[in-house]
Structures are given as structure tokens and as C-alpha cells.
Amino acid sequence: SCDASQLCNCSSMGLDFIPPGLTAKITVLNLAHNRIKHVRSQDLQQAVNLRALLLQSNEISSIDEDSFWSLAKLELLDLSNNSLAHLSPVWFGHLFSLQHLHLQGNSYRDLGQGSPFSGLRNLSSLHLGNRRFSVIRQGNFEGIELLHKLWIDGSNLSQYEQGSLKSIKEINHMIINLRNSNIFSEIVRDLLHSVTWLEVTEIKLPVEQKSLVVQNSTRPFRIQKLTFKEAFFTDQTISRAILLLKEITSLKELEANNCMLEGKGRWNTDEIKKTGQSSVETVTIIKIMIQNFHLFFDLDGMESQINKLKRLTIASSNVFMVPCKLARSFSSLLYLDFHNNLLVNNRLDETICKGSWPSLQTLNLSQNSLKSLEQTAKYISRLPKLNNLDISQNNFGEIPDVCEWPKTLKYLNLSGTQIPKVTTCIPPTLEVLDISANNLKEFGLQLPFLKELYLTRNQLKTLPGAAPIPNLVALSVRRNRLNSFSKEEFESFKRMELLDASDNNFICSCEFLSFIHQEAGIARVLVGWPDKYVCDSPLAVRGAQVGAVHLSLLECHRSLVVSLICVLVFLVILLLVAVGYKYHVVWYLRMTWAWLQAKRKPKRAPPKDVCYDAFVSYSENDSDWVENTMVRELEQACPPFRLCLHKRDFVPGKWIVDNIIDSIEKSRKTLFVLSEHFVQSEWCKYELDFSHFRLFDENNDAAILILLEPIPSKAIPKRFCKLRKIMNTKTYLEWPAGEEQQQVFWENLKEALKS
């Protein structure tokens, strides 16, 4: 269970003993939350380079004396929450490098007669005690001179020998869970010269005057901060505590967290006033529970104890007003935090009356019940030195066009106040403005001194204009409706050092991606880059990081590609039209359509519809021979033959192709007058094609070929494939030169027409 850095995690594996085979390579061994009961001598003998050993939350009740002797490099040992009934100094005798020791949550009642920690010269933090821990003796902490943190669970501590903790020369932070108030007094006396910050939990302060008295204590004291957590006070104990803590002249900070006060503020102010001013400069009260807080007195008479106070925090404590007289006494207060209370506008007039809080520089009124921004600004304008104001998470709802503010105001937090827009109510002197979480759709205020602007969780679709805020250094538009921002928008902020545009739904267009990839310093400016910048569209790259997306040429220049395709299609169509025009494609198509229609007609016209003996297909160049020789010979014969000629018999106004088809169908025979001119004529080809499917598909002899002049087969163009086929399969008549032979020609032709 070891990783590359030799950190071995064997926690929660149900182990009953420390696994064998541990080597010198291991640096961290986690055996927490198992069922180990005993630590043997040989278990850790080879782990000489171990720096952290975690054995908390097991069932350890015994440890061999030499179990840890080989761990000279160990810095952290956690034996908390086990079943150790006693602590042996022999265990820790060879842990020369140990800095952190956790022994809390076991079953020992004391630390023994001597000190278990005398050899731990490098110890920095020590955690000890449990619900059974009841005795601290002199000498228990011998050998420890300096501790960064000391944590003692003494909830049932009943005996403390005076001077037991004095051996520790310096403790930066001590936390003690203590219920016995008499022992608390003795411990405080011993710690006055060693502890910097003392934190006490679950204490119930006594009323007796003798308690907490600083007797025979030489100055200067070391303690600077005192914290009470989950403590219980009454009016009497508060009065005594103030008097007695004033004797600790080094005390600068007092804190009460999650405490309970039973009383109405009837404090012994006269006696408190007689003993002079308090040295405390910072008071922090968080979540104090006062039963019947609405009956609490106005602390009249406490003015002398607060005029040196510099920082005051009273949060989550149902404060609804501060009397004007008391507020005027905070003459030195620089910082005031009243967040998460019950302040309302009509009481704010009293709380911030004229002359109150004269030195105040920072004010936090967030999470209260203020409704009118105009009134709030008006009352706050009475603070002549205020430069930092937080009135966030108050439900103002509306914002006026003009507001009155302190002239020195530089920092303003209006986040989460439900204002629908920004107006000139915002003071132009600001250097930092936070208007996050307000559903704003735009921002265009003229704020020439503004350096930081926070617009998180609004509805902005673009970055605010840079011209009204020329000195902006930091801008946050996180979680808006920003789709992208251009190079021009980005570079318009000349002094921009930080831009947080993360968690927006970016449209990864080619222009946006091109700017992102080409801007060399974008990674230094964008907060959360690249993890928090994700594409929302196009769909193909949704969820991908903006910096990792590269679109293809087709995706980036879609309109250009579409335009090129349209141009190519147009050119192809134009080319097809030109080719079709040149090669009569339209006529071919119309002919094909007519041919298909003709195909659907009956294969042979009814006898009553046959009007001609023959349809004559010939070239216009051969019309003289056809019309003056052949027609005269055949139509003047006895009996005469009726011939169909296109010049004479075609129906005017009817499509020529339909005329050809109809004429062929109304004729018993079709005469083809073949010549060089015939094979050059397109219309002759049409007539040949239309007759071919009609005549030869029926396997009859309806076609009669007359060769007006010799035509070599190779001279016939390939497009006259039908003519080639006919000449190869049909007998044709050849026009002779001599008259006698011509007479035979006419006889043969007439016989062919009669057949």
C-alpha cells in the first residue's frame, strides 16, 4: 500500500497487528482505524527512516518499552483514541526529532510522577488528555521549553498542582477543555508569562472575587489573546471577569465564540469605571446566545472601557441597535463588524448617529435586514473617515439615482443586494467595487479611480466597457452569460493584470479561439486558466477546455466554404447549360420524354388512323430530288401512293418531335433517303431514332432505305449507331445513274411500299 514517495496507507484494513516486513524505505506509515492492541519491540525496528507514524483509533493498550527506539527521525507520532492506561517516558526517550505528539482520547488518569516528555527537545505541538484525565502534577512538563501548540482535554480535571505548566517557557497557542473554574484560575496564573494565546472551552466562570486574581505576579505578562468557546456567563461573572482581566495588562484581544450569557446587561459599571481603562484593543463576539436579548440594557456606564478599543466584531448575535451615547464613546475604533444581525434602517439612524464612531475606517453590515440603500448611504455618510464598507446580502431591491456617501469611501461591497441595475448612486471615489450576485445585465458606470471590479454571478453577456474605468487592474466576471471576448475588448483594458472569466458558457468560435491561441500573455492574466474555461458550443467540443480546442478549416471558414461550393455548383450548372446548348441536350431530353410517352402507346395504330403509305425522312439538302422526282413518281403512279412530308403535312404549331412521332405512327412504311447530308442532319437522326424502336422492336419490314449516293460505313458518325445497325441488317435500294436502271428502281420501290 505504498506510493512512490514511500507513503504507506494501511488504514481501515482490519489489522490486528503491525504488519511485518517494514523496511528502511518507508517514510510515512498510516495504520489508523484498525484493531491493533499491542506494539511489539520488533514491529518497527527496521523502519529507521520513518518520519510519520499514525496509530490513532486502534485498541492499543500496551507498548513495549523499546518499540520506538529505532525511530530517531520520527517527526509525527499519533497515538490518540486508543486504550493506553498510562504513559511511559521510556517510549519517547529516543525520539530526538519528534515535533508533533498526539496522546488525547486514551484512558490514562495522569501523566505519572515525572515527565514523559523530558527527552523531546524538538517538540512543537502536544495533544493530551481525555474524559478520565483528572490530575496534572508538578514536573509533568519538565524538559519542554517551547511549544507552538498545547491542547489539553481536561473536561474532568479535578486537581492541578500550582506551577505545573510554569516549566514551559513559551507556548504560542494553548487550548484547554475545562469545566472546573477554580483550576482555571490556577492555570491562568501559571500561564501569564508563557502563553501568547489561551483558548478555553466549556468553562463556567465563577462569581467569587478570589478567583482569577492575579496575585504576586511579576510583569510584563506574555498573554495577548484570550478565547472562550462554549462558555457560560452571567451578569455577575461578566463584571468580575472584566475587573480581573484588566489586571492582565498584556491582554490585547478578547474573543467569545458560541457562548451563552444569562442576564440583561446589569453590570457593575461603577466599579469597572474606577479601576481604569482596559488594555484590550480587539473584541470578537460570534454567535452569543442571550435569552431575552430584546430586554438587554444599553450598557450605560461602559464608555470608559471602550474608548481605546480599535477592532470590534459582534456577529450572529441578534444585535438590532447600538445606543447613540455608547456609539460616540468608541472614539478609537477603526474596525466594526456587525454581520449577520438584525439591524434595520429605522434603527440605523440611532446606531450611526452624528458624532458616533469618529475614527471608523472599516464597517461590515452584511447579512442584516436593511431595506433602503438611500437611507443606509445617508446614515453611513456621517462617518467622516470610512473607506471600507460591506453592506452585502441586504435586500435593498431598488437603487436610487443619487446617494450620499462618505467622501473617503474607497471600498464598497454591494453583492447579493438584489439591485436590478447600477446608477450614479455608486460613489465615483471607489477603488474597489463588488456587485456580484445581482442579476445585472450591463455595467457602464464612470468610475475613474476604480482598480478592482467584481461582477461574479450576474447576467452579463459582454465585458464592461474599458473607457469609463481606465485604471482597472482586476476584473471578475465569473459565472455570467459571457460567450466570448475579443482581442479588442481584452486590450482595451490597458492596466489589466487579473481577469476572472471562468465558469462561463463559451462559444468556441474561430475568432475567439484564434485570439486565445495567439495571445501570449493570456495565461498570466486569466484566473483559473485553463481548467475553468470550457466550451459550451459547438456541440462537438462541448466540455473541452478552451485552450485545447482547435477547429478545422471547414469549421472555421464555413461561410467561405459554402460560398465556394455555391460558386462551383453555379459554374458546373453554367457549364452543363453551355454543353447542353451546344449539343442540343435539351432536345435530346425532350426527345427521350416523347420516346418514353410513345413507348406507352399501343405498338400499332388502329387501321382507321393510318393515313399515309409512307413517311419520308430526308435531309433538306436532298429536298429537290425528293420533292421533284420521288414524290411526282410515286404520287402520280396508278394507283397513287400517299406520302407524308414534313414540309407539307406536319401540323403547324405542334412540337416537331410530336409531329415526327405522329407521322411515323400514321404511316405504313418509313422511307429513309440516305446521303452524306442525311448523316449530317440532327433531325434525320431524331426521325431515325423514333422509327427504330417503333419499327424494329415489332420485327417487321416497315423501314425502306434509299441510298441516294454511296456512303462508306466508316463515314457514318458514331452517333448514327441506329443507321449503322439498319444498314447491316436491312436490304436497301440504291439510286442508279442510268434511266433504264432507274425504271427498275421505281418498280422495286413501289413493290416495297405495297408489301
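Even glycines carry a Cβ here, placed using N, Cα and C.
Note that TrEMBL annotation is computational and uncurated.
Annotated features in TrEMBL:
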DISULFID  Cys2-Cys8  disulfide bond
DISULFID  Cys324-Cys353  disulfide bond
DISULFID  Cys403-Cys425  disulfide bond
DOMAIN    610-753  domain 'TIR'
TRANSMEM  560-581  transmembrane segment
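Sequence features, as recorded in TrEMBL, placed on the structure.
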{"residue": "Cys2", "record": "disulfide bond", "contacts (Cβ under 8 Å, 6+ apart)": "Cys8, Asn9, Lys25, Ile26"}
{"residue": "Cys324", "record": "disulfide bond", "contacts (Cβ under 8 Å, 6+ apart)": "Glu350, Thr351, Cys353, Ser356"}
{"residue": "Cys403", "record": "disulfide bond", "contacts (Cβ under 8 Å, 6+ apart)": "Leu373, Glu374, Ala377, Lys378, Cys425, Ile426, Pro427"}
Fewest other Cβ within 10 angstroms of its own Cβ, chosen from the disulfide-bonded residues Cys8, Cys353:
Cys353
Using a 10 Å cut-off, grab the number of neighbouring Cβ atoms around the Cβ of Cys425 (disulfide bond), all chains included.
19
For the domain 'TIR' (610-753), report the average pLDDT of the model, please.
78
